Amino acid sequence: MAVSGAVLVLYLFAHMIGNLKIFVGQADFDHYAHWLRELGAPVLPHQWGLWMVRIGLTVAVIAHIVSATILAVRARKARPVKYAHRPKVQGSYAARTMRWGGVIILLFVIYHILDLTTGTVHPDFAHGEVYNNVVADFAPERWYVTLFYVVSVVAVGFHLRHGIWSAVRTLGQQSARGQRIARAVALAVSVVLTAGFLSVPFAVMTGLVG
Ligand code: HEM
């Protein structure tokens, strides 16, 4: 769970930083998208590097979902009789939001790929014109798409906050100081990623990018 999650967090950082290139300008942003397709050149042929990243990510997502299922089954076996009074402790609340948060994020990623990678559900998609595709996506009349993106990115933020905290507990030391550090790191990473991702739709909405 922790290792596959760490791979996905690294991808999110790379993706968020790449997205911020939209503030540099249209030519730079489109050039960056073009560069992604030449990742590993000249050693690797066109799109091979990108496909290696895609395969790595798919493996990480599957490993993450499989480990979550194994952990959930193990937790249920450890407590076959349900609690008569289920106290509203942090643990059960976090577990519930992790499961539903994970489902929302998975649905978002599927929609997001059909939207901005393949253009299947995008109203005005053009291959290679990534800047225009993003600007058209967050147009004022498509406020519901922007809202879906904002809700999903916030869901990613909450998921990361609890996920990173658990991962550091799994992989790191569990002293009181270690836990304080884990909590602070989890909060900082999730706030930075959430703010970075949200800055793009907000910039388009306010006309800063367009
Ligand atoms: C507002 C926030 C976001 C924006 C503006 C955005 C923008 C984009 C764009 C423009 C692409 C296509 C890039 C290209 O074809 O060169 C893309 C691809 C992708 N994004 Fe995002 N993204 C956002 C948030 C996210 C989040 C939160 C996740 C994951 C939870 C994510 C995961 C992906 C994935 C998996 C791809 C497909 C990469 C591929 O296979 O080519 N994105 N994104």
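Cβ atoms here come from the backbone N, Cα and C positions, even for glycine.
As recorded in TrEMBL, the features of this protein are as follows:
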TRANSMEM  51-73  transmembrane segment
TRANSMEM  93-114  transmembrane segment
TRANSMEM  143-160  transmembrane segment
TRANSMEM  181-204  transmembrane segment
Of the listed stretches (51-73, 143-160, 181-204), which one yields the highest count of Cβ-Cβ distances below 8 Å with the transmembrane segment (93-114)?
143-160
Contact between the transmembrane segment (51-73) and the transmembrane segment (143-160) is defined here as three or more C-beta pairs under 8 Å separated by at least 6 residues; is that satisfied?
no
For the transmembrane segment (181-204), could you work out the same-chain residues 6 or more beyond its ends whose Cβ comes under 8 Å from its Cβ atoms?
9, 12-13, 16-17, 19-20, 22-23, 134-135, 137-139, 146, 149-150, 153-154, 156-158, 160-165, 168-169, 172, 210
